[in-house]
Every structure is written in structure tokens, then in C-alpha cells.
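Chemist: Here it is, the structure in full.
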Amino acid sequence: MINILLIEDDLDLQEIIKFYLEQENKYKVTVAHSAEDALQLVDTEIFNIILCDIMLPGMDGINLCAQLRRAIYCPIIFISCLADEDNIIHALKMGGDDYIVKPFSYKLLIAHIEANLRRTDQSRPRGERLLCVEDFILDTHEHTIDANGQRHYLSPTEYEILYYMMNNPNTILDMEEIYQYIWHRPSYGDTRTITVHISNLRKKLELDSSKPRYIKTVRNLGYIFCPDPE
């Protein structure tokens, strides 16, 4: 049974989402009405995936996500009526893995959940625990990266992107290629989420993220991981 934490203060929407997901007979849905409720639940239960509204009473969903990311690894999908690009980008930068705009269909929600769960399965340890490329050490068990003398925890999407790049150093990877590796489906031209996660990775890997030396943008082509730029 896949354990889902639904953080949503709209009682009607809670019931609808819980009903449709549990009707699949493979999801168990636990509901939290606020950020405070959610923080208590993650201390006592293990969840496979989290669905989180943004406009919650008290602490909002984005700040909650940033706090959850300090302790948990599972995918976090935002579900929100806020459809503007700035909110979506901010939510992803703060640790979200995916974003669905309300209203959404039940089938779309299931598709997003399954895609994120596939990525979690895919990111489980593969062979050797440590992937070492030059001075970068990726721990495939703990999902951490050692860079520039510091250790950083990675979100599921950050981990997948970096794992792919470290296995293809000094190779130009276009955004569509990265997107399909992560989500196993075409992007249909919407690769903004890759840009956001690359920005987050640069903050963890680069000495100066505004002047990247390791993850470089190749104009009109994509990105290249240069572990030894000198």
C-alpha cells in the first residue's frame, strides 16, 4: 500500500481526493488540515508521497515544504489554484518536485503521482553506494552530494538530474532529454521545471551560482556538467 499525505484545508476537496485515490485500492491517504498537523504526522509515519496545497491556515505550503525537506526525501507535489509562473517557480525552488494547478482531473492527479513514484523507485541505490566524479561524491543511499567541502541533501528531482549528469560528464544534455529521463514522457515544450531544479543544484554545487563553473548552460542546446572545468 502506498502511503500518501494530503495536506489540504478544503474539507470537500479532501474528501473527494481521498475517495478517488483510495478507490484504486493501492493508496492509503492520511489527511492533514494545516502545516502544523502535517509536521506532527511526518514525525510518526513514513509517507511515500506528499500532496500539498499552498494556501493553508498558519504556515503556507511553500514554507512547509522547505521545512519538510530538511527531514524527508519523498516527492512533494503541490496542488494549488495559484497558476502564475512566479508561484510555480518559487514552489519548485523551495523543494517541490511537481506542481498541479486546480482544478484538475482525477486521471491527471493519478498520472502525476505515478510518475513521481516511478522516479523514486528509479533513484534507489544502483550498484556502488558512492558515485565519484573528480571532487564530487554522490551518495546513492543518502541522496547527498559532497562538493567544495560541504555536504548537501538533494530533493528527488535534484538527485535524478545530478545522477544523470554525473554519469554523462562533459556531455551536452538537452532539456528535453533530461525531462524524459526524469518523467518518462515528453515535455511538450514545457521544460521550465528543469531550469528551476538546475538553479537549485547550482546553489549547492557552485561557489558562485551566478557564475557557474560545473553546471554550464550551452545556449540553445542545454546543459553540460564539467567536473574539472580547469
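Placed from the backbone N, Cα and C atoms, the Cβ positions cover glycine too.
Pulled these features from TrEMBL for this protein:
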- 3-117: domain 'Response regulatory' (DOMAIN)
- Asp53: 4-aspartylphosphate (MOD_RES)
- 128-227: DNA-binding region (DNA_BIND)
- 128-227: domain 'OmpR/PhoB-type' (DOMAIN)
Chemist: Compile a sequence-ordered list of residues in the same chain as Asp53 (4-aspartylphosphate), six or more apart from it, whose Cβ lies below 8 A from its Cβ; state 'none' when nothing qualifies.
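Modeler: Correct list: Ile7, Glu8, Asp9, Asp10, Gly61, Phe78, Ile79, Ser80.
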Chemist: Check the DSSP secondary structure of Asp53 (4-aspartylphosphate), expressed as helix, strand or coil.
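Modeler: Reduced to three states, the DSSP call for Asp53 (4-aspartylphosphate) is coil.
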